[in-house]
Structures are given as C-alpha cells and as structure tokens.
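Asks: In case it's useful when we look at the structure, here is the feature table from Swiss-Prot:
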BINDING   K20, G92, R120, Q168, R343, R385  phosphoenolpyruvate binding site
BINDING   K20, S21, R25, S166, Q168, D312, K339  3-phosphoshikimate binding site
ACT_SITE  D312  active site, proton acceptor
Amino acid sequence: MKLRTNAGPLQGTIQVPGDKSISHRAVILGAVAKGETRVKGLLKGEDVLSTIQAFRNLGVRIEEKDDQLVIEGQGFQGLTAPCQTLNMGNSGTSMRLIAGLLAGQPFSVKMIGDESLSKRPMDRIVYPLKQMGVEISGETDRQFPPLQLQGNHNLQPITYTLPISSAQVKSAILLAALQAKGTTQVVEKEITRNHTEEMIQQFGGRLIVDGKRITLVGPQQLTAQEITVPGDISSAAFWLVAGLIIPGSELLLKNVGVNPTRTGILEVVEKMGAQIVYEDMNKKEQVTSIRVVYSRLKGTIISGGLIPRLIDELPIIALLATQAQGTTCIKDAQELRVKETDRIQVVTDTLNSMGANIKATADGMIIKGPTVLYGANTSTYGDHRIGMMTAIAALLVKQGQVHLDKEEAIMTSYPTFFKDLERLCHD
C-alpha cells in the first residue's frame with residue numbers, strides 16, 4: 001500500500017485498543033477459572049482471536065455479548081482434548097502460555113503456527129516443562145513449531161532460573177505450576193511484565209513475589225472475574241512518538257495502561273526531553289491519559305533492566321532516535337532478534353533505506369540523529385510493529401513515496417490503526 005507522507009501537525013484524541021498481553025491472559029485464565037468471566041475492552045486483534053479459538057477447540061464456551069467477551073469456565077478439569085491441531089497463527093504468546101497451561105492436562109495436542117511463528121524458538125519453554133514431567137518437543141534443537149505436547153496429570157514442581165528475560169516463559173511455568181502439587185519457584189534474570197502474576201491473584205490464585213523470585217504452591221483453583229482491559233501502551237507508543245517528532249502536533253492518548261513493568265518508554269522519552277503530561281491518573285487501576293506535544297529531543301542510552309520494560313517499543317523508539325539530536329545507543333536487547341522478525345536487522349534496514357543512520361549491533365542499535373527521511377519501498381515482513389513504525393516514519397517524508405508490503409500484519413495488534421491515523425491527520 002502507499003503510505004501517507006508529508007503530514008502536517010497531528011491533532012486529536014485517541015482511545016488505543018485494549019492491551020494485548022492482558023487480553024490474552026484474561027481469556028486464558030477465564031477459560032480455566034470456575035464460573036462466568038466477563039471481559040470488557042478486549043483487543044480483537046488476530047493474536048487474541050487465535051487464543052480464543054484455541055480454547056473453543058479445547059471445549060470452552062466463549063461468546064460475545066453486549067460488547068463483552070463471556071467465558072464459561074469449568075476449572076482446570078473442564079478442558080477437553082481437541083479434535084484438531086491448535087493453530088496459533090502468528091502469536092508466540094498464545095503458543096507459549098497455552099503450552100504451559102496444557103502441561104497439566106491428561107491429553108496430547110499438536111500446536112502449529114504460521115510461517116513467522118514457525119521460525120521462533122520454543123526451547124525456552126520446552127526445557128522447564130520437560131523438567132516438570134511433560135512430554136513436549138518441536139523441530140531441531142531450538143524446538144521450533146510445530147510443538148507436540150503430551151500433558152501430565154502429575155506435574156512436578158520445579159525451581160527454575162530463567163536464562164533470558166521473558167515474561168512468556170515465566171508465565172508458561174506459572175500456568176503449569178497452578179496444576180502441580182508442591183512449591184514452584186521462578187527466578188527472573190531481570191524483572192519482566194507481571195500481568196500473569198497480577199491476574200492469577202485477581203482470579204483468586206495465590207503466589208508470592210519477592211524481587212525477582214516468584215513462588216507458587218499448587219495445585220490451585222481459580223474463580224471467574226469481571227475484567228476491564230486498559231489501552232495498550234505498546235499501541236499508544238506509536239502515537240506518542242508521532243506526536244513528539246511531527247512539528248506542531250498535540251495528541252491526547254486516553255485510558256493507557258501504565259503498569260510499572262511496561263512504562264520504560266515513558267521514562268526514556270522524558271529523559272530525551274519529551275513534553276508529556278499525565279491526566280486523570282488512576283494509580284489503583286494503573287491507567288492514565290497522556291497528553292503529548294512536539295518536542296526537541298536529545299539522544300540517550302537504553303540498556304539493562306530497562307529493556308524488558310520497553311522491549312516491544314524499541315522499533316518505534318529507534319524511529320524517535322533518528323529525529324533526536326546526537327547518538328542513541330540501545331544495548332542488551334538481543335531478544336529483539338527472535339521476535340516476529342529479527343527486529344534489530346529489519347528496523348535498521350527499513351529506516352536506513354529511508355535515509356536514517358543506524359548501525360546494527362549483536363544486541364541492539366547505534367542511531368545517529370537527526371536525519372531527514374525519504375521515500376522507499378518497504379515491507380512489514382509479517383511483523384505488525386515494523387509496519388506501524390514505517391507508517392509513522394512515512395509521515396516525516398517530504399520527498400518521494402513510501403510503499404509498504406504485507407500491511408495486513410498490523411491486524412495482529414491494532415486493526416483500526418490506519419483509520420485512527422487518518423483521523424489524526426484530519427482533525
């Protein structure tokens with residue numbers, strides 16, 4: 001598709017779609033809780049729809065009523081062996097978390113994904129789940145999908161130190177641990193997003209978080225809840241950056257989830273000189289509205305414990321850095337290489353093709369700014385965040401056109417992205 005270029009100031013108010021991480025977990029926990037769980041504000045992107053379809057195939061009744069998702073949970077014992085292969089589409093979250101959940105079920109299942117998901121390593125969940133007594137295997141020593149899993153009704157608790165910072169691996173182990181008899185401990189390398197821990201407790205589960213150590217004694221039963229999903233900060237990030245780098249812009253981003261394990265991007269942009277104001281902050285619900293205006297920015301260093309708190313925002317932060325004065329250095333982000341694409345390489349190649357000055361490193365990028373961006377032929381490579389980053393970059397282009405292939409990937413997390421973009425350009 002041909003992207004909008006040479007945009008004037010962006011003006012207006014955006015209600016970003018529901019948080020993807022919380023939407024997945026609301027469906028997963030609701031499916032094994034006892035009773036009727038109702039979810040408001042659910043993200044209806046393709047990844048979450050993959051999770052919903054998987055649980056329908058596992059015998060859970062899920063339907064939409066009055067703009068809510070209603071899940072009829074029957075407890076952990078209520079899942080039934082699927083008649084077909086579980087297709088997770090492009091969703092690594094679905095595959096890893098549901099594999100953890102199915103670890104304690106007395107049946108076997110085959111899990112597949114699309115071409116992109118089939119290139120993402122599952123060894124990170126295979127090894128701890130095997131230690132718990134699950135028969136699980138993928139292709140090659142990296143355990144690429146498809147995954148074959150035979151659950152075990154007598155799961156063993158484990159103490160497991162995560163070799164990488166990964167909320168998905170932590171979550172897979174905790175979902176299995178809810179069905180294991182005894183004490184499971186997970187020790188994190190760096191603290192990652194904690195939605196699974198918070199939501200297990202919201203559904204009546206018990207666990208103890210002590211710094212980087214999470215302790216859960218199983219087995220446990222969960223109770224149905226009413227869940228309201230806040231707006232996704234990872235989706236809001238695209239408008240946050242657009243407002244900061246397009247001269248004359250002023251945007252209000254409403255109802256954005258600001259769980260502290262996800263707010264790394266806000267700390268980074270403020271350090272770079274961003275003018276942002278928080279309005280209607282609700283600390284208990286961890287939501288706020290964010291007012292953002294065009295700002296002159298300076299380069300910064302992003303590394304260490306900050307990385308897991310903004311891992312999904314790094315592509316759009318890279319674009320931001322191309323417009324900042326000086327050098328921005330992103331380190332300790334090797335996890336980007338095994339996302340939907342090798343995001344270090346794809347971000348570097350895409351933005352450099354438009355005139356940026358970025359050097360890829362083994363674990364990050366060195367970005368020199370400010371640079372003028374020009375037209376180019378680009379692709380999402382099937383990665384939603386690359387697509388949205390490119391669409392925001394195109395707004396800065398004064399000369400030439402920007403063409404984007406495989407734009408349908410954006411449906412993964414933000415089905416109304418282009419509609420919202422047009423509205424902000426015209427408001």
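The backbone N, Cα and C atoms fix where each Cβ goes, and this holds for glycine too.
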Asks: Give me the long-range Cβ neighbours of R120 (phosphoenolpyruvate binding site): same chain, 6+ apart, Cβ under 8 Å, in sequence order.
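Replies: R120 (phosphoenolpyruvate binding site) has long-range Cβ partners G92, G113, F144, P145, V338, K339, E340.
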Asks: Pick out which of the binding-site residues R343, R385 has the most other Cβ atoms within 10 Å of its own Cβ.
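Replies: Of R343, R385, the one with the most crowded Cβ is R385.
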Asks: How big is the gap, in Å, between the Cα of R385 (phosphoenolpyruvate binding site) and that of D312 (3-phosphoshikimate binding site), rounded to a whole number?
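Replies: It is 8 Å, counting Cα to Cα.
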Asks: Roughly how many Å lie between the Cα atoms of S21 (3-phosphoshikimate binding site) and Q168 (phosphoenolpyruvate binding site), rounded to a whole value?
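Replies: Given the Cα positions, S21 (3-phosphoshikimate binding site) is 10 Å from Q168 (phosphoenolpyruvate binding site).
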Asks: Under 8 Å between C-beta atoms and at least six apart in sequence, can you list the same-chain neighbours of D312 (3-phosphoshikimate binding site), or say none if there are none?
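Replies: Long-range Cβ contacts: S234, A237, R385.
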Asks: Taking every protein chain shown into account, which of the binding-site residues K20, S21, R25, S166 has the largest tally of Cβ atoms within 10 Å of its Cβ?
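Replies: Per the Cβ count, the most surrounded site is S21.
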Asks: Around the Cβ of Q168 (phosphoenolpyruvate binding site), how many other Cβ atoms lie within 10 Å? Please give the count over every shown protein chain.
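Replies: I count 22 other Cβ atoms within 10 Å of it.
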